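**Student:** Got a structure here, written out as structure tokens. Questions coming.
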Amino acid sequence: MYILFSFYFFLTGTILGSFFHVVGVRLPQNAPFITSRSACPVCSTTLQARDLIPLASYTLAKGKCRHCQTHISLVYPAVELITGGLFLFSYCQFGWSVDVLEAVLLLSLAVIVTVSDVKYMIIPNRLLMFFAFAFVVLRLFFPLSPWYASLLGACTGFAIVLLIIVLSRGGMGGGDMKLLAVLGLFFGGPLTLLTFFLAVTAGTLISTFLLAAKVISGRQPFPFGPFIMAGAVISFYYGDAILAFYVQSFQ
Ligand SMILES: [Zn+2]
């Protein structure tokens, strides 16, 4: 059964990953993402069911459109594979539990934010409102302790990014502020702070590296949402262990 469910989680992850990619691309353009079918961006041929099987379609068609032979970006199968892998990892880590439901919610937000922020430098408000609602409902059924920790978390997330925006004059944006506030509902205060700390550390290291390698220039705006979500996912898996280690080393 364990193998079967592992496979099930991986497969669900690849299918949802494909869907989240579409949502991340279309939501900032206010394009419908449920009713309208996907089409090849070059020849506009509507994709058939056989073109929409995660990973398999891409592999069988050797990464090309079946009609016009245009190369399809590797980003598509990569997003599917990464989402599938993270869903599988979550199941292996938590089994069937509330934790795995929480992991799936958080990973869904992570994939959509990453696609949208990298592509457009936007974290759509409608996405944030949807997940704020989902997290409030989640915490009504499975509250943090004490119950108001979610509210404190949201205020913490909002305040700390606001502080950075004021101090750095544009190092981070309003979308980042709202995103961390929404994550605060999910996490409560301590893990929200850890998420922020991990995101800033990773963001600084990677942007310094990319600047040195001349991949980006100093004036180019830099999407910070993916770092916040990476910090959040790490905090979700390992946050309690990291905080426990931190407290222990300073006693
Ligand atoms: Zn085509």
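Placement of Cβ uses the backbone N, Cα and C atoms for every residue, glycine included.
Heads up, TrEMBL stuff is auto-annotated, nobody curated it.
TrEMBL lists these features:
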type	residues	note
DOMAIN	11-94	domain 'Prepilin peptidase A24 N-terminal'
DOMAIN	105-206	domain 'Prepilin type IV endopeptidase peptidase'
TRANSMEM	6-27	transmembrane segment
TRANSMEM	72-90	transmembrane segment
TRANSMEM	96-115	transmembrane segment
TRANSMEM	127-142	transmembrane segment
TRANSMEM	148-167	transmembrane segment
TRANSMEM	179-212	transmembrane segment
TRANSMEM	224-247	transmembrane segment
**Student:** Near the transmembrane segment (179-212), which residues from the same chain, at least 6 beyond its ends, have a CB less than 8 A from one of its CBs?
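**Tutor:** Sequence-remote neighbours of the transmembrane segment (179-212) are 102, 105-106, 109, 113, 123, 128, 131-132, 135-136, 138-139, 144, 149-158, 160-161, 218, 222, 224-225, 227-232, 234-236, 239-240, 242-243.
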**Student:** Over the domain 'Prepilin peptidase A24 N-terminal' (11-94), what does the predicted model average in pLDDT?
**Tutor:** 89
**Student:** I'm a bit unsure how to read this: which one of 6-27, 127-142, 224-247 has the highest number of Cβ pairs shorter than 8 Å with the transmembrane segment (148-167)?
**Tutor:** 127-142
**Student:** Sort out the residues at least 6 away from either end of the transmembrane segment (127-142), same chain, that have Cβ-Cβ distances under 8 Å to it, and list them.
**Tutor:** 23, 27, 98, 101-102, 105, 109, 112-113, 116, 150, 175, 178-179, 182, 185-186
**Student:** What does the DSSP secondary structure composition of the domain 'Prepilin peptidase A24 N-terminal' (11-94) look like, as residue counts for helix, strand and coil?
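**Tutor:** With helix first, then strand, then coil, the domain 'Prepilin peptidase A24 N-terminal' (11-94) has 47 helix, 4 strand, 33 coil.
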**Student:** Reported in the order helix, strand, coil, what are the DSSP residue counts of the domain 'Prepilin type IV endopeptidase peptidase' (105-206)?
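**Tutor:** Summed by class, the stretch gives 85 helix, 0 strand, 17 coil.
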